[in-house]
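**Student:** Sending over a structure as structure tokens; questions will come in a sec.
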Amino acid sequence: MSNLSGKVQTVLGPVDPEQLGKTLTHEHLTMSFECCYHPPPAGDEAVAESPFQMQHMYWLRQNPYSCHENLLLLQETLAVREELLAYRKAGGGAVVENTTTGIQRDLPTLRQLSKDTGVHIIAGAGYYVDCTHTEDTRRMSVEKLSDVIVSEVLHGADGTDIRCGVIGEIGTCWPITDSERKVLKATAHAQSQLGCPVIIHPGRNPAAPAEVVRILQEAGGDISKTVMSHLDRTIFDEGELLEFAKLGSYLEYDLFGMEMLNYPYNSEVDMPSDSQRVKALAFLVKEGYEDKIVVAHDIHTKNRLTKFGGHGYSHILKNIVPKMLRRGISQRQVDKILVDNPKEWLTFK
């Protein structure tokens, strides 16, 4: 294991885990999501290409991936800075920034945002989904990919001395591609060397999370130090959810604030409401998984920032926590979900 044992690695350096406080485990502060642009519905092309206007905000909430400008969160650093200050004022302490190679990770900006706001920011190492892999990435062996990931954690990424504190979000599709499978194996190898946290973006199929776990386990990964993201858009059946929970990963509900009628990446998915997400958390708590739940918003488009009428990074603290308490989740359990579980996950072995 690395000499980071017992520490959390932020963009400003290692810190004691007790310093983190309330932590959002899956956010983006600066990124491009143009890799996943989806054409607008027929007849809506003019709206999709027009400048942001208040009259179009509802359309953007329903079609966030069909407007090129909306996918460029990296253009809104000043707005994100103000959001982080508001998040800290609301009681937030840390954010895990999940932008990896392929979607324009910007470590110097993350470092500056942390300095400016006092929010601990943990950056992600590794690679996103297959469509963002370069030919060089595809040609790399598992060993070489692992070496790159380890270096991003121990020495710094993207030509900087800014070190990542988590591997991920590691992107996978459904079915998992050959290139993604190599990255998963490399992730497991790197994790076994470093004793570090890992976070996964699973494909949009109920079987995807368990298949990822199987690949990681067979390659030597530590599932107890791994977060499975996006469960709120992936596993809907309670029985299937409990079967997956038994595998031992952290269970992340990370699309709070995102409510849409039609999910373009999988038309079979009915995106849940925030009330349904809270209901799922209460179910998992009742079933004994309060020590394995983490939450976030996964903000990755402009329209979800408060600047553009969105919910922002403080939504969970201001709006979801009171709802959790009203739905039978105790304050102690809320504290586990927001403070203790992220702290345990992020601490290097």
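Cβ atoms here come from the backbone N, Cα and C positions, even for glycine.
As listed in Swiss-Prot for this protein:
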BINDING   H26, H28, E169, D298  divalent metal cation 1 binding site
BINDING   E169, H201, H230  divalent metal cation 2 binding site
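In terms of burial and nearby residues, how do these features look in this structure?
**Tutor:** H28 (divalent metal cation 1 binding site): 26 other CB atoms within 10 A of its CB, across all protein chains.
Less than 8 angstroms from the CB of H201 (divalent metal cation 2 binding site) sit N98, Y128, V129, G168, E169, I170, G171, T172, S229, H230, each of them six or more residues away in the same chain. In the three-state DSSP assignment, the secondary structure recorded for H201 (divalent metal cation 2 binding site) is strand.
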**Student:** Secondary structure at E169 (divalent metal cation 1 binding site) (DSSP, helix/strand/coil)?
**Tutor:** strand
**Student:** Which residues, same chain and not among H26, H28, E169, D298, have a CB within 8 angstroms of the centroid of the CB atoms at the recorded divalent metal cation 1 site?
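**Tutor:** Nearby residues not in the site list: E27, V96, E97, N98, T99, I199, H201, S229, D254, A296, I299, H300.
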**Student:** If you count Cβ atoms within 10 Å of each one, which of the binding-site residues H26, H230 comes out on top?
**Tutor:** H26
